[in-house]
Every structure is written in C-alpha cells, then in structure tokens.
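Below you'll find the structure, written out as structure tokens, and then a few comments.
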Amino acid sequence: MYQSSAVSSYFVTVGYLIPIVTILGLAVLPRGKFLMSLLLNILAVCFGSAVSMLTLWSAIKARENTTPPGTQPTPIPTYNSSQSAVCGVWLFFNIWFGNVVRAKLPAFNLPVIVYSILVNVATTNGPFMTKVSTAETFVKQLMTSMLVALALCLGVNLLVFPISSRLVVFKEFEGAIGLLRRTVSLQKAYLVSIESEDMFATVTRTNTTAAGLKKGEKPRLTKEEKAATALRETGGKLRELAGKLHADVPFAKRDFAWGKLDAKEISKIFALLRNVYIPILGMMTIVDIFKRVSEHRGWNHDDDDVPPEVAADKKREIHIWNEVMKQIHEPFEILSEAIDQGLEHAGICLEILPRPRKAKKDDIDVEAKGEKVSPGDPALASVINDKIAAFNSTKGELLNTWIKERGFNPIPDEDDLNSPSSYWPNGRERDQVQLYVVLYMENLMQASGKAVQELVAYADSKVQDGTMSKKRLIAPGYHRLRKWFIAVVRNEDSSAEQSPDLMETSNTIVSFGDGYNLKRDPEHLPPATSWERFGNGLRKISKFFGSEESMFGFRVACTTMTVGIMAFLESTQRFFQEQRLVWAMIIIAIGMTMTSGQSFFGFLCRVGGTVIAMVFSLIIWYIVNGRTGGAIVFLWFFTFIDYYFFVKFPRLLPAIMIIIVTQVLIIGYELQTLAIGREVAERTGQPYYPTYLLAPYRLACVAGGSLVAFFWTIFPSPLTDRTWLRRDLSATLYLVANYFGVISSTLRSNLDGTAGDISTPGTPAHHLHKIGRKIFGKVQMLVPSMSQHSEWQKWEPTIGGKFPREAYDDIILRSTRIMAYLTLISYTLMHPTHSFSRPEEEEQEQTRDDADNDPNPQQKPSSVTSNQSREWLDAMAKVLLTLNPTHHSILSTLTLLSNSLISGQSLPPFLPLPKPYELTRRLMRLGQNNHSKDSQEETGEEEDDGPPIHLVDSRTGLGDYDDDNYSKHYKQARAAADLLDPKNMEQPGYAEFAVLQVCTTLVCDDLSGLVRAVSGLVGVVDFSFSFEDGSEGSNGFANGKGGKGKGKKGKGKVD
C-alpha cells in the first residue's frame, strides 16, 4: 500500500506507524475480543490525538511568548528551552496517566501502548515546530496513520480466515466433551485396577526395589498408580479448560454471528457441561481419599515394618474395598457407557461435534440397524435413560455388598434397639466413615448420570423446537453491551485472553469484592457531617497518588524520561533525532511490566528477539538485492513464520513480538525511503542508513530501551512475582472463605425450607447459586495465574535465602483441592436434581407421575415418604444448629490465613481447627445418650455443657448465640438423633449427608496442611517460657517449679 505515491506522499515519514499499529492491533484475535480491543484502541487514538494537539499548541505558544520580537525565522528552528520544557512536562504527565489507567483497568493494556506511542512521537517532535498549522498537519498524519492501521486490522479480522469468539468457545466445548469422555474411561480403568490390588500402597514399584534399579532406570509403576496418574493429568487439563471457558464465554455471548445458538443458549450449554464435569471430577477424589487413609492409619510403610495387628486390619480393609469395587464394576460399566453416549449425542445434536459419516447402503445390515441406536438419533435419549435407570436400580446391591463384608445389621432385633452398638459391630466409628465413602461414590455417580440426562434432554429440545434447523442473525442486546461497558470501566475480572497485554501474557486480574483488603482507618470514625465527608474526599486524593497503580505509572514515566530527556536538551536534541532514540521509548512503552520476574525474562527475550530480527532483516533485504517486490514477499513469509510461534508458544510472546516489530521497522524504513526518496526521508534530521548499518542500530536502541525498562522495574524497590504470588494466594484463600460462607448459607436455607426454587430469579437459592458460580469462576481464573507467577519467579535474582517454592506450591495445591471439595458440596446442595423439595411439591410431582404412568392409580405412600424426608431434614437442621461454631472456625481460619499472607504477620500460637467427622461423632454421642439411663430425663439433668466452641461475633462483640437457644436445639437434636442413625442410609438426603461429611473431612485435612504451610512462611508468635537449664514449655507454668533456673518469657518472639 505504501508503494502508492498517493499514500506515501500523504504520510511521508510517519508511514512506519501503520505496520507497527497493525501488529499491536492483534488482528489474529477472535472477533469478539478483537472488536472490544478495536473500540478501545480507537478511543485511545482519538484521545491521544487531542492531547497531542494540546501539547504541541501549548509548546508553540511557549516558544512565541519567550521569543524576542523581531527575531527572523530560520530554516532549521532554533532551540527553545521553554518549548522543550513544556513538551517534557506533557510527556511525563501523559505517560504517567496512561499507565495508571493501564494498571487500574487491564482492558486498556493495548490501547495505552498505542496511546503512549502516539504521545511519544508527537512530544519528541514538538520542540522543532514553530507554527500551529504544522502541528495540526503532523497530528492529523499521526492519527490517520493509526486509524488506517486499525482499519486494516478490522478488514483482516473480518475477511481473511475470520475466527469468531463463538467458534473458539465451541472448540473448547468440543475439547471439554472429549476430556469428559476420557476422564470417565480412565475412572473406569482405575476402579478396575483396585479390584485386586492394594489401593493404600504408596510404593510405586512392582518387582523392583530402589537398590535393584539401574542407573537412569525409572521404577515401574503399579497398575493402580498408572491409572491414578493418567486420571489426575486428565482432570488437570479439564480444570484448566474450564477456566478458559469461564473467560471466553462472555466474549462469545457478545459476538455478532450468523448462526443457530444465541447467547442464552451458549450460557445454558456451559452451565449444563459444568454440572456434568463437577461430579465426574469429584469421583477422582477417591484416589485422594485412599491416600489420606493410608497416611493417617500408618499404612504407607512396607509390610515388614507394620505391626501384625495393623497389617491384619489393613488386609481386611483392602479385601472389603476389593469386593466393593468388584460390585461397582458392572453398574459403572453401564453408567460410563451412558455418559459417553450422552455426551457424544448432545455434542452432535448441538453441532459441537461433527456428525459421523453415514455408511454406504450396501454395507448396512438392516436387521442390525434396527437394533442399534447411534448418537445423534432421536431415540437415543430413551436408551440413555434406560441405562441410567438400570444403574440406579443397582444402588442397593452395592450397599448390600458392603453390609455383607462388614457384618452390618441394618434391621436389628427389637430387643437390641436400646443398644447403642446394635447397628455397628463393636460400635466402630471407622465403619461409619467407610459407609460415607461408599454413599459418596454412589451419589456422585448418580449425579453425573442425571446431569448427562439433563444435557441430552436440552440438546433434543433444541432440535425439536427448530433452533438447530436454520441459521439466523445473532446480535448482542443493549443489556449485554451495557454489562460489557460496566465491566470494562469498573475493573471487573480479566484474564490474558480478555485484555491481552503483550508482555504480561499470563497476568490475571480478578475483582475480589469490597470486603477483600478493605481496611478501616483506626484513627478516624466514619464521617458524620458534610465537612467530614469533604475531608474524606481530600484524603482519597492523597491515597490515589500513593496507590500501587500511581507508583507504576510514575515508574514508566521516569523510564520514558530517562531516554526522552535527550529530546529536550540542547546538547543532545540532534543526537536523539539522528539516532532515532524514539524507538527506545516505544520499546519501553511496549515492554514495561509491573513485576521484576517478567521484566527480566522480557529483557532477555527482547534483546534475543532483536538479534534474531536483525539477522532475518539482513536475509530478507539482501537475498533479493533490495528489490521492493521480493522484499515484500520475503517479509510476509518471515512474518508468517513468526506468527506460527506467536500462536504455538505464548510464553515466548515478548521475543516474538519484538522480532515482528523489528523486522517491520528495518524493512519498512527501507521500503519507505525507496517510496518517498532519500532527500525527503532526511528532512526530519534523520540521516539515511543502509540495512547493514540500520539493523545494528535498531538492536542498540532496543537493547538500551529494554535495559532502562528493566532498571526502573527493580529500582528503587521491585514488585516481584513472588510478592504478586503471595497476594494471589491471599486472595484465593479469601475467595475460598467467601465460597464456604455461601455454602453454609445454602445449607441452612435448604434445611430451614426457605431456599426456594433455584431456577426462579429472586429466590435465596437462585441468588446464592449465582454468587457461588461467580466465586468459582474467579478461583478458576486465579489458579493458572498463580502457577504462572510461580514459574516467572525463577527468573528473579535471589538475594539472601532461597524462595520457598515448595511451600507456595503446596498452598496452591491445597487451596485448589479445598475449592474442589467445596464445589462438590455446593453442587450437592444447589443442583436442581439434588435440591431438597418441600413435601407439597413432592406430593404434586408424585401425583402427576402416578397419573401419567399408572392406568389404575392406587394409593401410593408418597406422602409418607415425603414426610419422612422432611422429618429427616428437620432433624439434620436441629443437629447442625449445635455445630455452628465448627463452621465458623473453618471460616475464621481461612480468613486469618488470608490476612497473614497479605500482611506477613505471624500466626497466633493456637488455632481452633475443626475435627474430621465432627458431626458424625456428635450424632453417635447423641444416640448413645438417648439410649442411656432414663433417670436423667426424669430429673432434668443435661449432659451437654454448651457448644463445643464458644465464639464471639467480631461485628457485634456478642456471643454467636446464647446458651438458652443452644440448650433448646441440643435437646431437640437428641430427640431426633434416631432419625440420623445409619439405619436410615436409604432415606432421601442421607447420601447428600454422606457427601457433606466426606468433603468436609477432606477440607479439614487440607486446612490443617494450609496452617502448617502458612506458619512456615510467616512464622508463629511464641509466648512460651524458656529456662537456662534448657527446659521449656508452652504453658510456662508447668516447668516453673525447679526454682534454680531463671525464667524468661518469650514475649513477641516468632518461632
């Protein structure tokens, strides 16, 4: 295009900005993301042009006001310090302002880079302008060149191999369906592997010992360990893809398209797929459960080191689980086949998966065709329903197998009803826990089957109502566009895909809510008068200038002025123009990052990329002997190769971007000079350099700009990736605590019967479900960001002790697992197929089913069943009211750990961690108390002396609840303890109760591990007493009776 005389004569020497901005415009982005970036880029160009014109006008006026009257104009403008100073001040302010916006609103990352380039070029040329008309022409050239570049990006994005955001999401849907099918297949292989092997073994070798291994030989894994490893890897990929979907679905819903599924339908498909993968991933936790049981019971050692009674207990446990897994084999075979077919069928019907090719007519066996129904056929839904019904019918068989192996007596004799151990042999709590695990697995399998049924039903409904029969114009509505605008200006969640920053490829910004890191001023009360509110406003101004975003803007402004100051000093002004140092300032605008790890890695990438680009440029130019046509073709070819690595290796994005930009700069300058002539090219004061000299000069400019950017990133104090990682971890724990609060509220409202219908907007259940889903998405976005920061920190120089990466990785792992367990609890409570129905609704639904399916309706025991279910839930509610302190201790501990990480303050010496299976223990105690002496009830004596933990509400300073209410609920819970007995394991809701118990236990176990990991990082305040004779104790007084040693109290000491 620039070879046209009309184009080259208009843009003259600023034409190089067109290819640069086309690169920064990222035309390769999906359409939804590109259109968002395009609108913001246009806004940045227009605003930057206006600011640049104001800058040049004020600078010219400064020259006019300081030039003596009668001074004759010269061909080359003389140096004017006032004009240069005005340009420098405006440059500093604009760079500071732009990067404050960049740090505060991540969606403006690219627009601010474009804005900075425009301001840099305008202000560094400002000292040479003497007329306002010249400034107007120059600014018009700058603005037009950038708008033309953005227009070219728009044309390429829409016309040349267009990729819509909807297509990206549909491909991710396809990948999610494939990973789900593979996960179910691997889960089946794992369950088969533990039918005959030791699932508690931690030794990962078969027929080999550590001493017998040859050098470099890896130990052979057991069949169970191989299956578990493959299952974990696939589950990790599925979780990562779920995080990408959370970031990409909003763009697909905002996209314009000619298609079949609109925004609401895409959102519904995503929700249904989420309902499928949550229980399927939940089934993977059986691997973690067996591992933890092995560790807690001391079974993770060789059999030679284990006492005989422990070995016998372990062997018996292995035998029981082997038999249970054998019993699961056939039902899970049926279920896995139904899930696999259901996912494929839904994908085909919704056109996410390609429809399989039809066989030739000659190869079709008519009789076989009549018996087989393949995915995509309308009749497959009934086949899947039959298979899942067949699986549900085997539910009792698994429990019977476990009962037979355990010697459990589900229906005790009437004479033994008063015995607390009649239901359990020896009254062992371990059997109760084992029953929970069995019911836990059953419930998750049943939940996954029901979720697939819902997905299949929705896919069939879209086919039946004609949605999938024809395409139509799909456009986002006003409400959706308004939400997008609000999300941009309010700093909502963003990821690298949402607001692509060229140098910070994996940075994720998540809005954690108003409660996180909100510190009240202990020196000021809330304002009560207008004057006090005005004073608070003044304090916000100083707070803004001292914020982290303002400091980052100040760093970038100082970095820019380190090079740009030469454009405003008389002795260096010509040197700045001749050596094109403005490109060092542009590299600073592109490459300045907030964290030192990414900055150091980016510095190496930029210098290395420039060296590669220099070599490529020499090849491109001299292989065709400097001929225009050949140079353009080879430039396209090398850029094409660069973009392959751009897409394939996103971690090398800094180097690849610099390669592309530098190639375009060097070859573009030579082509520009050929088009406009050498004489015109040198009018700006920049001498012409041949390619073999220009390429090394570009390398020097880029290396110098990158070095300056790296220096100001770490000076005067760096914001390291390690600091960022610690903040993300603190925020993750805060979000997990918030999520746990949502779950507790959901459980309480469900048991109280006040939750309402989850599908009805405005009900508590619907509101809590939306909040929980939003928090879940935030954590899904944070986890890969934290892992990436953990990788980036390796590029930061370590001064002093080593970085405890193992501890941070352990916190990331445990936080992720806690979130996964809480998600299972939330799914169990909030999913419509598992929601607790009111008796009236159950009676109406049962009446409708009877009327539809029974030609001779008779009296059914539906009301009795529903009343029993309601009684069971009421009894559960009464017991849970006595355990509120346990829930509060989990919430308080997570919040305390979050605050310790963000502030670096040491933990207190003791933390109230809940015990695993606390509810189970309490129920067993209540049941034993009910079957104890009757004289206590007659005399009114009470065994319980209050709640297990007395907590004070920090917001009110009062107790969480008074003792009278607790005693009342305790008495009611004792009266209802029989309904919560394991003999009711087939009652509706008991399986959900088992899920709560297993997941809560896993949460408590990981919570204790979190306390250990965080205390190792921030330390523990130690108030113990130490003595000169070496004896010391934690309570201080136990060891104080010697009298000879002089005691010292470790006041404030950190251990």
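Every residue, even glycine, has its Cβ placed from backbone N, Cα and C.
What TrEMBL says about this protein:
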type	residues	note
TRANSMEM	6-29	transmembrane segment
TRANSMEM	38-60	transmembrane segment
TRANSMEM	80-98	transmembrane segment
TRANSMEM	105-122	transmembrane segment
TRANSMEM	142-161	transmembrane segment
TRANSMEM	269-290	transmembrane segment
TRANSMEM	552-569	transmembrane segment
DOMAIN	574-712	domain 'Integral membrane bound transporter'
TRANSMEM	581-601	transmembrane segment
TRANSMEM	607-624	transmembrane segment
TRANSMEM	629-646	transmembrane segment
TRANSMEM	652-671	transmembrane segment
TRANSMEM	692-715	transmembrane segment
REGION	835-869	region 'Disordered'
COMPBIAS	855-869	compositional bias 'Polar residues'
REGION	930-958	region 'Disordered'
COMPBIAS	937-946	compositional bias 'Acidic residues'
REGION	1029-1055	region 'Disordered'
COMPBIAS	1043-1055	compositional bias 'Basic residues'
Close approaches to the transmembrane segment (142-161) from elsewhere in its chain (Cβ under 8 angstroms; 6 or more beyond its ends): 10-11, 14-15, 17-22, 25-29, 31, 34, 38, 41-42, 45-46, 49, 52, 114, 118, 121-122
Field: Contact between the transmembrane segment (80-98) and the transmembrane segment (552-569) (at least 3 Cβ pairs under 8 Å, separation 6+)
entry: yes
Message: Applying the under-8 angstroms CB criterion, which one of 105-122, 552-569, 652-671 scores highest with the transmembrane segment (38-60)?
response: 105-122
Query: Are there at least 3 C-beta pairs under 8 angstroms linking the transmembrane segment (652-671) and the transmembrane segment (607-624), leaving out pairs fewer than 6 apart in sequence?
result: yes
Field: Cβ-Cβ under 8 Å with the transmembrane segment (692-715): same-chain residues at least 6 beyond its ends
entry: 555-556, 558-559, 562-563, 579-581, 583-588, 591-596, 599-600, 602-603, 606-607, 610-611, 613-614, 617-618, 622, 658, 662, 665-666, 669-670
Message: With Cβ-Cβ distances below 8 Å as the criterion, list the same-chain residues six or more beyond the ends of the transmembrane segment (629-646) that contact it, or say none.
response: 28, 616, 619-621, 623, 652-653, 656-657, 659-660, 663-664, 667, 670-671
Cβ contacts under 8 Å made by the transmembrane segment (652-671) with residues that lie 6+ beyond its boundaries: 2-3, 15-16, 19-20, 23, 502-503, 505, 583, 587, 590-591, 601-602, 605-606, 608-610, 612-614, 616-617, 620-621, 626, 628, 631-632, 635, 638-639, 642-643, 645-646, 691, 694-695, 698, 702
Query: Near the transmembrane segment (552-569), which residues from the same chain, at least 6 beyond its ends, have a CB less than 8 A from one of its CBs?
result: 84-85, 87-88, 91-93, 95-100, 102-103, 116, 120, 123-124, 127, 575-577, 581-582, 584-585, 588-589, 592, 594, 704-705, 708-709, 711-713, 719
- line: Across the domain 'Integral membrane bound transporter' (574-712), DSSP labelling yields 116 helix, 0 strand, 23 coil
